[in-house]
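Structure first, then comments.
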């Protein structure tokens, strides 16, 4: 066979679409794994469906891919403002694409200090349902950013601890220093526990009984030694603590348990008695 005859034999071999079997001579075609397909069959078999418009993304269309979904370039857009997201930052909100500007306007917090949006990813502080830019959350006293420091809220204002203590914290009535915690209240004034002392012996009075003479606090022992009346029977102070009930007659006082007949020792509390010099007598002993 001549060379020309061989060429005619090759050119006469079929060159058809693998799917529809139509001839591809003189037509545009696309090969998949070395298998030729006409363009309509290729699009039907291999083209993806656009998530937005539900149409096929044809072979000559620019296709965008996001989270297992396919889009025409012109369909890949913000669900709010409809701007193209092909070259824009975006996020997904409940399966809808949203550009960064729309997301911030709709979902981001507003700084209560400056009124501007607190952008996603930026440093911010939240308290009581409100948000601040980190640089906008400042102490109402010194006007310095509080940052990660401790702070104290007061009537809608916020203070760093040093400023709050300097303005509002109670001060001990004795040493005038700030009470950080605890303390004792005496005559409607705060005291450090270590500053609230007996006027006499200087023992701490917090947590134990005490009494006063004028404006001065005393422990029971010092008050008894300095100011308490003495029982006419036992000569011990009548303090008002413990066995505090007492009997008074003329210028003499007795502890209630000590108020008894000087002769037979029967209790005279609630009974008639008869004074006899320094003694007190029951009716029986008085008639002897």
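Cβ coordinates come from backbone N, Cα and C, glycine included.
Per TrEMBL, domain 'LIM zinc-binding' is recorded for 48-108, 109-170, 229-288.
Mean pLDDT for the domain 'LIM zinc-binding' (109-170) in this predicted model: 85.
DSSP labels the residues of the domain 'LIM zinc-binding' (109-170) in these numbers: 10 helix, 21 strand, 31 coil.
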